[in-house]
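Participant: Quick one: the structure is below, questions incoming.
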Amino acid sequence: MGDLKPAAKAMCPAGNVQMKVVKGDFGYVLEDVPHLSDYLSDLPTYPNPLRFNPAYSVVKQYFVNVDDTVAQRFLGLVVICKCELEMLWFSSGLQIVVHTDSPRGTHFRRAGPRQKVYFDPAEVHACIVTCGGLCPGLNTVIREIVCGLYHMYGVSKVLGIDGGYKGFYARNTVTLTPKVVNDIHKRGGTIIGTSRGGHDTGKIVDSIQDRGINQVFIIGGDGTQKGAAVIYEEIRRRGLKVSVAGIPKTIDNDIPVIDRSFGFDTAVEEAQRAINAAHVEAESIENGIGVVKLMGRYSGFIAMYATLASRDVDCCLIPESPFYLEGKGGLFEYIEKRLKENGHMVIVIAEGAGQDLLSESLQSMNQQDASGNKLLKDVGLWISQRIKSHFGRQQKLAINLKYIDPTYMIRAIPSNAADNVYCTLLAQSAVHGAMAGYTGFTCGPVNGRHSYIPFNHITEKQNKVVITDRMWARLLSSTNQPSFLNPKDVKEVLEEEEPPTQMLEGENCKDSKFATKDIPSMS
């Protein structure tokens, strides 16, 4: 990116000190993360121990340039227009061409090791905590944080906080060494335990201060990251030299900004087993219906990708796409049609789908768990009962339905190869950031490049399936199911969509001689 010469630099308003905004030419905006030097003066720096690490002695350009940033938005189309060619961007070897007056958009600080660190490794006392529900890859992240601190930076004091946030003040700690964590990536769950809720900011920071902890690694979902943001703000208010780093965790892949969340690939892969079982059951009996409920409270990514990967699914229902049961074009009509055509069918439904239909007949829809998440009714069981009831009343089509809920089996398995590699990169990015003095950040890949992201960016909204996007269209064409959307629903969805990125497109090109090329997805 070259040397950053910001036109303006400012902290966010009081109450949101998790982000620094740097503005530059051509609409360039860097939403930077806090640094210990923002509120602590005259901090000593040290040469990065990686300079003397034989594992990295042959690596060229290993250290990240201080000005390296990563663009949040990535254009999936290259349009070369001779009359307006000025800036070329390169990301993973792909060329991006934009207008001379196109805004360069939002960027984040690139993750990776810096030449100087703000902690003497001998004085580092780190801790790791896992919060919320289980997810494949938790143990891998724990292992790689411990091994990264030890092998890359020579840090030997790492504590595991037992039992989530409340473990800071209510439970014992676990001493973590490379030997202790050596094989934990082969197991599901988390060796340091987890819990929901239990967040008491004052007690947590008191415990951090009393124990002499100066690096805190927090693994959890959006609620956990909100808690991490509050912990950072209290640490900053007290003027403590403590780095707070978050590693975003959600099996549903509903964290915004980042390309994907760890555990998602494993969940999709394991979901295939349940779908295959449902398909075998359904096709082995007359008018067999297999119903599989998958994770996805507010986002249907697991259900969508598992359906696309399986090719045995006849209907996929997700929270983002409304559906209805009775009447022309409804689910019951489609089920009857598929049974008459094929003699069997498989339905995949995300746990958050159809909750509005349940609320019409069931009470207690406003209950919450300890993390503040709304308790959802079992939509899989409900829809199974409705299907049985509907076709039982008709008495003209006897069905045989089998319902499978693999949720806790999927959450509890070890991560697969792809997620293990990804968890390693996440953990090492967090370690590099904390050692470099960054704080109040979470890490993750943005357009294929690992970045440091302000907490508020990943907690302000949820990532959801865009049902007017090509991926959902691919699913509909794969299953041949109706969209269940009427014209009014389509209009409402389009109005909720974000405006397109102001990049160069064919119809905006003044020169008639232009080239258009598709770029492979970076996600």
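Backbone N, Cα and C atoms are what each Cβ position is placed from, and that goes for glycine too.
Caution: TrEMBL annotation is automatic and unverified by curators.
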Participant: In TrEMBL, which of the ranges 172-203, 492-523 has the region 'Disordered' annotation?
Facilitator: 492-523
Participant: Rank aside, I only need the closest one: which of the binding-site residues G133, G223, G296, R411 has its C-alpha nearest to that of D252 (active site, proton acceptor)?
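Facilitator: With Cα distances computed to D252 (active site, proton acceptor), the winner among G133, G223, G296, R411 is G296.
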Participant: Could you tell me the C-alpha distance between G197 (ATP binding site) and E351 (substrate binding site) in angstrom, no decimals?
Facilitator: 22
Participant: How big is the gap, in Å, between the Cα of M409 (substrate binding site) and that of G221 (ATP binding site), rounded to a whole number?
Facilitator: 19
Participant: Are any of R196, G221, D222, G223, T224 (the binding-site residues) within 10 Å of R411 (substrate binding site) when you go C-alpha to C-alpha, and if so which?
Facilitator: none
